[in-house]
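Read through the structure below, which is laid out as structure tokens, and then see the notes.
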Amino acid sequence: VNQVAALTGPEGASVDGAGPPESAAMSVCRVGGRTRTPVTACVGSHLEVHRTDSGGLVALVHLSSDMDLHSSLGGCYSASAAPGGGACRKARDGACVRHAEEHTVNGRSHGFQDSGPHDSMQGVERRNVEGICQDDNGSQATTKCKQSKCDVSIGDTTYCSQCSMDNEYLINGECKATDSESICVSPTGGVCTSCKEGYFLHKGGCYKIATPPGSTICKTAGAAGICEVCQAGYFKNPASTSDATKQSCIACGDTTGADSNIGVANCAECTAPATSGSGGTAKCTKCTGPNYLMTATDGSTSCVTECPTGYFGHTATSGGLKTCQSCSGENAGLTPAGAGIAGCAACTYDSAKVTCTKCETGKYLRTTSDSTSCVEASGCGSGFFPKADDKAGNKCAACSTASDGGIENCTECSLLPSASRSSATLIICTKCSNNNLSPLKNECMASCPAGTYAKDKVCTPCHASCSECADDAESSCTACYPGSVLNHGSTAGKGMCIPECTGRYAENCGAGMCKAELGGSKYCSKCTAGYAPIDGVCTQVATTSRDASGCTASGGVCTTCTGDYALLSGGCYNTQALPGSAVCTAANGGQCTACANGQTPDSSGVCPACPAGCSKCSSSSICTDCLAGYYLSSSKSVKCSENSTNGSNTITGVKDCVSCKEPSSGPGPVTCYVTQTPTVDPTDPSVNKGGLSSGAIAGISVAAVVVVGGLVGFLCWWFICRGKA
């Protein structure tokens with residue numbers, strides 16, 4: 001910034017004591033890139049020195065704010081270091097405003113100074129020493145500014161806009177008692193109404209075009225009393241084209257302005273309003289300091305500390321111009337780059353990259369690992385679904401993001417119909433990443449629920465009779481619902497599920513002795529003579545191929561077992577296969593050492609029983625996991641088709657459901673994975689589809705036989721007896 005200090009001093013002026021001017025005969029000097037004439041001497045790049053009529057020197061300086069043109073030392077010195085600091089305590093705009101010792105101007109002593117200006121200083125000399133405008137504090141005083149009228153800022157200096165005395169002249173921002181050159185034309189009320197040639201009107205005063213502070217405002221003179229071309233930071237007042245009574249230039253940041261023409265707050269550079277006569281606002285082209293230039297859609301401009309929603313702040317690599325750029329605009333020609341995103345309504349900007357955070361109405365924000373875009377609902381693509389949100393903005397949510405209504409571990413999905421969407425889940429999952437897709441397509445499961453098996457990462461229904469299976473064939477069951485037993489086939493571990501206590505599981509079983517319960521189903525606990533229960537089947541111990549059990553038979557039961565077999569309910573059961581593994585998973589010497597239900601076997605190898613329907617429990621009354629066909633409610637197992645009270649919440653069962661899960665929290669229906677309508681309920685074979693027990697059916701059958709027999713007898717009597725008659 002070119003700043004002005006008009007102090008007199010010896011002709012051997014120096015900069016920080018570096019010696020006399022480089023040339024005393026130069027007629028042109030360049031300071032801060034500008035040419036100055038006429039010039040008596042140049043001192044480096046800091047100072048140009050002009051001789052005054054009184055023989056002193058007027059200096060134009062290009063200084064930092066803490067450097068002072070000190071007349072008594074004859075040069076430019078820093079106020080923060082020796083030797084300048086010994087003479088001046090504080091500098092502003094190239095002038096000392098707080099002195100520390102006596103100094104002279106034009107050979108006159110002004111005494112020891114410890115503060116600002118002194119009475120012997122006059123005019124511009126005084127202003128540059130004091131650096132401030134002085135008002136009259138409410139009492140009229142000659143050469144003083146009217147109270148509250150030190151309100152004209154030019155560069156970093158404040159000047160006056162109205163003199164204290166009505167008959168004084170406001171010239172170059174200062175009040176003068178006389179005006180011998182008739183610079184101020186028709187002064188009235190402490191202000192000038194127009195100015196003579198070489199000057200121009202600005203904020204009530206006449207300013208010389210060729211010298212500071214006027215040269216800071218005006219670049220080129222026009223007609224008498226008018227500035228033709230304003231300096232950068234000012235715009236030409238459209239009303240002053242040919243009228244010297246109008247203010248010629250208006251600061252780009254002057255929001256008061258003149259003749260209804262105003263600047264823009266915090267604007268550093270601008271162009272004049274397009275309109276004339278009726279007034280208008282300048283168009284800002286550069287803002288001050290940290291402010292960003294914001295250009296609205298109608299072309300109006302403003303300077304803001306933060307860009308509004310829909311725009312981002314951009315700082316040009318060259319020149320540092322700060323502007324607000326549209327989140328959705330092409331923004332061509334920016335360096336660094338800053339191309340917007342079509343349809344974007346809000347964004348952030350970093351490292352030459354725009355990241356959209358919200359799209360325009362009707363569009364959905366799609367975010368990938370390296371970019372963002374705004375698309376139609378159908379454009380979300382594989383792995384995403386359109387999520388409408390009027391407040392935060394629509395977006396393409398990942399199928400796997402549960403917090404957005406997705407499903408954890410889901411990689412492909414589709415949006416549920418609006419009527420089927422819950423507050424938590426908005427999609428149907430069609431493919432999982434690592435886990436298996438549930439039968440309901442509403443979760444990705446580590447293991448498939450009862451009645452299904454994993455096929456290509458999809459939980460697929462087993463045969464209706466199976467609770468677990470290898471595939472959907474009837475003979476591929478690997479476990480059965482309570483009330484059914486696995487009738488092993490030719491393939492180890494696989495077979496068909498049949499009602500308990502039927503088929504070979506009933507052969508040679510003592511009358512009424514199908515009492516041993518393992519895994520929710522019953523097996524023979526005592527066989528007829530010569531047989532003993534091995535894996536639930538009454539086997540001739542002396543000739544069986546299952547001698548590996550080590551069963552020692554006596555009275556239709558086993559008394560001891562060996563190997564992996566454990567003695568359970570009067571039989572020897574393999575702990576590594578069903579049905580034995582449903583109760584015991586390890587044995588030693590015929591005694592169980594590890595219970596499948598999580599309990600600890602007693603000293604005789606007996607596993608404590610869990611409540612009915614439980615597969616695991618923490619005590620004889622507290623269930624922790626359920627058998628297939630049951631759900632957990634208040635530490636009890638309840639059939640999937642039945643209701644229960646879980647504390648203060650009611651859980652509703654689902655009719656004909658044989659595979660389910662209780663609600664994760666609160667009341668509500670169970671999540672049912674498999675429903676069946678078999679002739680016989682697999683969880684209770686004594687009840688048929690119509691709800692009649694097998695005993696009732698037998699009774700009805702006998703009654704039917706009696707009725708039919710009676711009817712036949714009656715008919716015979718009728719025909720025979722009547723025939724004889």
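Just so it is clear, glycine is given a Cβ too, placed from its N, Cα and C backbone atoms.
Per-residue confidence over the domain 'EGF-like' (174-207) averages 95 (mean pLDDT, predicted model). The domain 'EGF-like' annotation in TrEMBL covers 174-207 (among others).
Look at TrEMBL and you will find 269-325 (among others) tagged as domain 'EGF-like'.
The domain 'EGF-like' annotation in TrEMBL covers 326-375 (among others).
For 412-460 (among others), the entry in TrEMBL reads domain 'EGF-like'.
Look at TrEMBL and you will find 461-498 (among others) tagged as domain 'EGF-like'.
For 500-539 (among others), the entry in TrEMBL reads domain 'EGF-like'.
Within the same chain, residues 450-451, 467-468, 479, 481-482, 519-520, 582, 596-599, 647, 651, 653-662, 670, 672, 682-683 sit at least 6 positions outside the domain 'EGF-like' (609-641) and bring their C-beta atoms closer than 8 Å to a C-beta of that stretch. Marked as domain 'EGF-like' by TrEMBL: 609-641 (among others).
Taken from TrEMBL, the feature region 'Disordered' covers 1-20.
The transmembrane segment feature in TrEMBL is assigned to 696-720.
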>> I need to check the long-range neighbours of the domain 'EGF-like' (500-539): which residues 6 or more away from its ends have a CB within less than 8 Å of a CB in the stretch?
In response: 480-485, 487, 546, 549, 551, 553, 555-558, 568-574, 577-580, 582-583, 613, 615, 627, 685
>> Given a Cβ distance threshold of under 8 angstroms, which distant residues of the chain, six or more beyond its ends, lie next to the domain 'EGF-like' (174-207)?
In response: 123-124, 127, 142-146, 151-152, 159-168, 213-214, 217-218, 221, 224-227, 240, 244-249
